[in-house]
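Since the structure comes first, as structure tokens, the remarks are kept for the end.
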Amino acid sequence: MGNSRSGALSKEILEELRLNTKFTEEELCAWYQSFLKDCPSGRITRQEFQSIYAKCFPEADPKAYAQHVFRSFDANSDGTLDFKEYVIALHMTSAGKTSQKLEWAFSLYDVDGNGAISKNEVLEIVVAIFKMISPEDAKNLPEDENTPEKRTEKIWGFFGKKDDDKLTEEEFIEGTLANKEILRLIQFEPQKVKEKLKEKKP
């Protein structure tokens, strides 16, 4: 396994990903080759990431949501995702434990990265989510959550917070684990995106 030819995944990264995700060594190596084919530089830019989303949602406007997702996964804030960040992103949103997914969701909603979520930050993400919902699906939403403002009020109400309060990560995770309704309202995991991302898997 330990060849060092160009295009091979380093042993350290391979081992780290194998331990921290549910993907096998064979999957990761084959996947890395297809990743390099699509991204010869070994990195995905924000624009490339957005275009993956755009292909999945030709009838919606996923740009804002894709930007927030990208930000939450760009661990070192360098404006690109390397293979490791990309695989961990995919693992967290698809195969990760609920607590891992909620840690990721917290970082998604913590727009300014200050370690707490404000009501305005919730609204910003919910507005981005609504741009991803087709007009047809929007018609079927319950009356009390059929606009970004109403959905934000509902989420904030479940946490029992005043308008200018902040939510810590612990409160966010505990509150969401205790209330399946919050989980439903905060997440948007379109099957199409998952399928599109997983196409890069062998």
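Cβ coordinates come from backbone N, Cα and C, glycine included.
Automated prediction, rather than curation, is the source of TrEMBL annotations.
Note on the domain 'EF-hand' (61-96): residues 9, 13, 16-17, 20-23, 28, 31-32, 35, 42-46, 49-50, 52-54, 103-104, 107-108, 111, 124-125, 127-129, 131-132, 188-189, 194, 197-198 of its chain, located 6 or more positions outside it, place their CB under 8 angstroms from a CB of the stretch. The domain 'EF-hand' annotation in TrEMBL covers 61-96 (among others).
The domain 'EF-hand' feature in TrEMBL is assigned to 97-132 (among others). Residues 57, 60-65, 67-69, 71-72, 138, 147-149, 151-152, 155-156, 161, 163-169, 172-173, 176-177, 186-188, 190 of the same chain, all 6+ positions outside the domain 'EF-hand' (97-132), place their C-beta atoms under 8 angstroms from a C-beta of that stretch.
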Quiz item: the domain 'EF-hand' (61-96): mean pLDDT?
Solution: 84
